[in-house]
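So that you can see what the record holds, here are the features copied from TrEMBL:
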BINDING   623, 624, 625, 626, 627, 628, 629, 630  ATP binding site
DOMAIN    697-713  domain 'DNA mismatch repair proteins mutS family'
Ligand SMILES: Nc1ncnc2c1ncn2[C@@H]1O[C@H](COP(=O)(O)OP(=O)(O)OP(=O)(O)O)[C@@H](O)[C@H]1O
């Protein structure tokens, strides 16, 4: 147990004697015992005891002390004004943070200021925009036994639910959503969570079926969820999200009223890209190779102008479709936008002015938005009519675009409300006035008039008093401590009238007030204070009215997101000359295919074809190191992913099947943390593929059996190839350095050999990167070693050894055999006999007997 969490024992043992403030702290620590409690004291959030020591260390802040009658306690505090960055560091260090704010103003109470936890910040429930990545979701997942899975982005309201029957599938889904946190019930398994997912055990009662059902119903009415496991996951997740919102003091519930859409899905509706494939195809994260970082697919195809569009595109990448009609509908939209260059460019320009509507509206609904947020909402909505106009031009022929145009609602009533109430550039603070337009509210206007008139009266005062007193140097001024004053320099003090009261003495002057000035001043202060309060009142009222339009704004946000994602796909297709794929074909048939990421960095990228018809779905790819095998195989997988998410693809022509799942076994990645060797990882991945691939899957194997002896490696590679060929029939690309495997491919009727060529040149070896039929002839491993900087003497020695293997100088014994063989013709006989042996049908004992017989015949 982390000592920084829970009630500090040194306070707990003196609980009855603590000062009221510290006993309030103790109580909150008891209630929020899985979080670090940040406790507001004036302008700071303080922590005490072990929590103070921990925060001081993590945040590199000073550890001080607080004394009270019961003792001295370590204390560390952070300024409230920039608390968010400190909170982020605490989250990164693996903590949840409960923020306890003063919920009543100190001047309104004679005793202890009341404090309450107003939010619990956890990695999965962040809503603070400064802590969130713009173009990406931040998900919290919830898992029950029987594998009900719910996934929610609290900052946007995106909410999904599904049920899975295998724990592996749970891990795949969690990886798909890249959940930052997983809330688990008492019986849920704990193994599927990756290392960057915080696991949060949560109250058993929230997972009880009836409680959960009630909670789900309170948000979504009679929604049909396929299983009790899902109901429990959704209900518990909603309860947890409410808990993270903290307590409310205004009597409202902690409901997240902007959550009004739950998407129930079946993972089988989408192409499955498991964790291994997502990583090895570098869909979202580039891999670091020798410290060099390339680009990920997501970045390469992202030309979205708004955060909404960025998230939508990533979501599509996460879940490529399986339904050819839906894929085609998206492709129609991309095609329509591609054809309408002017409208598309105009739309992208407009989209660049769009704020993050989803997060804005979620903030408004949670009561956390300020006046600037409302203005941002208004300005975003004001773009919508122009966007719709662009679409009206471009939408012809695309149902998807027509639907988007229909969903784009600029909510004129909401815009009017905001525009009428809020000034154009309001301040960030909502309690200090200056937000509300003149003419919006009579009470406010009259308070402002009083304030203005009072100030005008004071402005005139200086001239009036100079005239009345005859003191030309008399000044009227204001300071924050003493308020308004009349200042008279020492030489003129004789001329000061009797109604002047001394306020302050300076070095060479005295400051005075008059009863009238005091009265005016009080009036101004009263009017100012009441005006600020009135503004706050008007603002929160307006915010609640805007919140009533949440669903309409969310629909518009979703339409904008879809439009932005489609515009991005069209722009990339135009810029990089992608073609529209035909999806739903019987086999993979690509002409001039390219790797979408590598082609951007490789100026002379060589396009290559793919020909894997349904009845010959296997290709064994050989070729020297560095010739382009891995790039080629990944490019095939990426083209399939792109096509199924509804994107054009980097090729001259592409006919593609609907691939249900992409499997990869690529490269050697150690899993030292997981305690598995390179070979073990490799074999686990191979086992998954062989167990789960079907004939509609695409399997990319980049060398199998590399992590063990050549003999074992080859045996495994051959057996796997045969199994994939005979039993599974998946679209398979198998790159290998085991040249013997090309013989196997030759023998298998539904497989074909391909190779990448290279040419020896004076400087070493030149890779041509073009794919040809048939097996490769040479490896050029030694040349590549030389290019990589292996020392010359090692390269030379390797060259000699290679030459010896290629044209062996016979040893004495071999020379004798070969002589005998050539004289008596026995060599041919032995070779003929060897050729006739079917190794697959030969037991080790038979092989040994054969060898012994042949040997004795030679002697
Ligand atoms: N079609 C292509 N056109 C131009 N350059 C390419 C092409 N394919 C690959 N390359 C370049 O060649 C380099 C090597 O490619 P890749 O890693 O695919 O080779 P490989 O055959 O898989 O090598 P190894 O067997 O050593 O794993 C890449 O870094 C890439 O920049």
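A Cβ is built for glycine as well, from the same backbone N, Cα and C atoms used for every other residue.
Remark: residue 628 (ATP binding site) has 606, 608, 756, 767, 769 as non-local neighbours, by Cβ distance under 8 Å and separation of at least 6 in sequence. Apart from 623, 624, 625, 626, 627, 628, 629, 630, the residues listed for ATP, the same chain places the Cβ atoms of 735, 756, 758, 767 within 8 Å of the centroid of those Cβ atoms. For the domain 'DNA mismatch repair proteins mutS family' (697-713), the model's average pLDDT works out to 81. Under DSSP, residue 626 (ATP binding site) is assigned to coil, being neither helix nor strand in the three-state scheme. Counted over every protein chain shown, other Cβ atoms within 10 Å are most numerous around 623 among the binding-site residues 623, 624. Sorting the domain 'DNA mismatch repair proteins mutS family' (697-713) by DSSP state (H, G, I as helix; E, B as strand; all else coil) yields 4 helix, 6 strand, 7 coil. Listed binding-site residues: 625, 627, 630; maximum Cβ neighbour count within 10 Å falls on 627. Here the binding-site residues are 626, 629, and the one whose Cβ sees the fewest other Cβ atoms within 10 Å is 626.
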